[in-house]
Amino acid sequence: MSLKNLTHALFTERFGYAPTLTIQAPGRVNLIGEHTDYNDGFVLPCAIDYQTVIACAKRDDRQIRVIAADYEGQQDQFSLDSPIVSHPDQRWSDYVRGVIKHLQQRNADFGGADLVISGNVPQGAGLSSSASLEVAVGQAMQALYALPLDGVALALNGQEAENQFVGCNCGIMDQLISALGEKDHALLIDCRTLETRAVSVPEDIAVVIINSNVKRGLVDSEYNTRREQCEEAARFFGVKALRDVSPDLFFPIQHELDPIVAKRARHVISENDRTLAAADALAAGDMKLMGKLMAESHVSMRDDFEITVPPIDRLVEIVKSVIGDRGGVRMTGGGFGGCIVALMPLALVEPVRAAVAREYPLQTNGLKETFYVCKASEGAGTC
């Protein structure tokens, strides 16, 4: 059963009437531009064809009722006229509550709603299931009440909800690509200005995501350490963020920095350049150059930012051995486990799947991957 049909059926069963609107917001994968977002840099994600779907309708009072189909049909209910606080034991509810609370702070002119939510964005894989949920809830309220909020505002609203209400530190990339994604395109995002440029993905190229199924330990503490090291490097150069440090400025005096801090800065500064070059390569259909840039990105994450782990490196090597210079592959996401992303001709998807299934468990003491074949998809809207 499709997510739309599932949410409609559950809505009618639990609320006793039919929904008036169905909204979707996608997950995402970042093709290149890792740990550049909080350095005011550039990223190149695309929305994927895994999404959160919400069946919804207005209410004629000030109550929000919400059902999570994927959490055994759990229900939450709260009033728009009372302070919105965290749910005592349903963590999923806090994403909904946070989005609604921050929408109120932006524009209080909306009433109650009934919502039924379901999604197929893999959780815990670094594919932004939480951003997909936040954008979907915001889009649902915007559509029901014709709120004067564009995609950027809905993305910022979701980020604020996650940072301030849920309590998870995140950049703007995940929400922005979920809100603004375009079919068959990646989106070059300037994380300082929030300006975007659509970049076409060649039609014969598949976006493949492979989850290493390595449990991501240390990710929060190491993430915070990397941020602090980047901020230290920016202070050394007297700039707001590493975005403002060019390679010409950095390389002649990198030896004056603490060696570890210099490595972290070298990754960010070179990754920004790679991301801009990758947007041009992808738009031109130059998969050989795109593959080279993705390979350099992975090496930089491994050696300078030090956020890959051996099973991830093995996975990248296995995929690279099959696709050669006909595509690209690298780790994607925060690091210390999670997923790799690969761009490859459709004809190579099954050979890659077979090679990974054969080699990955042998090289990693029995780990088994999860394989997703995706298409660059459109951002949030009705479905």
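Any Cβ shown, glycine's included, is placed from N, Cα and C.
Copied over from Swiss-Prot:
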- ARG28: site 'Transition state stabilizer' (SITE)
- GLU34, HIS35, THR36, ASP37, TYR223: substrate binding site (BINDING)
- GLY124, ALA125, GLY126, LEU127, SER128, SER129, SER130: ATP binding site (BINDING)
- SER130, GLU162: Mg(2+) binding site (BINDING)
- ASP174: active site, proton acceptor (ACT_SITE)
Residue among the binding-site residues GLY124, GLY126 whose Cβ has the most other Cβ atoms within 10 Å: GLY126
Nearest recorded site to GLY124 (ATP binding site) by CA-CA distance, among recorded positions ARG28, GLU34, HIS35, GLU162, TYR223: ARG28
SER129 (ATP binding site): nearby recorded positions from ARG28, GLU34, HIS35, THR36, ASP174, TYR223, Cα cut-off 10 Å: ARG28, ASP174
Three-state secondary structure, which DSSP defines for ARG28 (site 'Transition state stabilizer'): strand
Sorted by sequence, non-GLY124, ALA125, GLY126, LEU127, SER128, SER129, SER130 residues with Cβ within 8 Å of centre, ATP: GLY27, VAL121, PRO122, GLN123
Entry from the binding-site residues list ALA125, LEU127 having the most other CB atoms no farther than 10 A: LEU127
Shortest C-alpha distance to ALA125 (ATP binding site) - which of the recorded positions ARG28, HIS35, ASP37, ASP174, TYR223: ARG28
Surrounding CB atoms that lie within 10 Å of the CB of GLU34 (substrate binding site), all protein chains: 26
Recorded positions (ASP37, ASP174), the one with most neighbouring Cβ atoms at 10 Å: ASP174
Close recorded positions near SER128 (ATP binding site), where close means Cα within 10 Å, chosen from ARG28, HIS35, ASP37, GLU162, ASP174, TYR223: ARG28, ASP174
Those binding-site residues of GLU34, LEU127, SER130 having Cα within 10 angstroms of the residue listed as 'active site, proton acceptor': LEU127, SER130
Densest Cβ neighbourhood among SER128, SER129 (binding-site residues), 10 Å radius: SER128
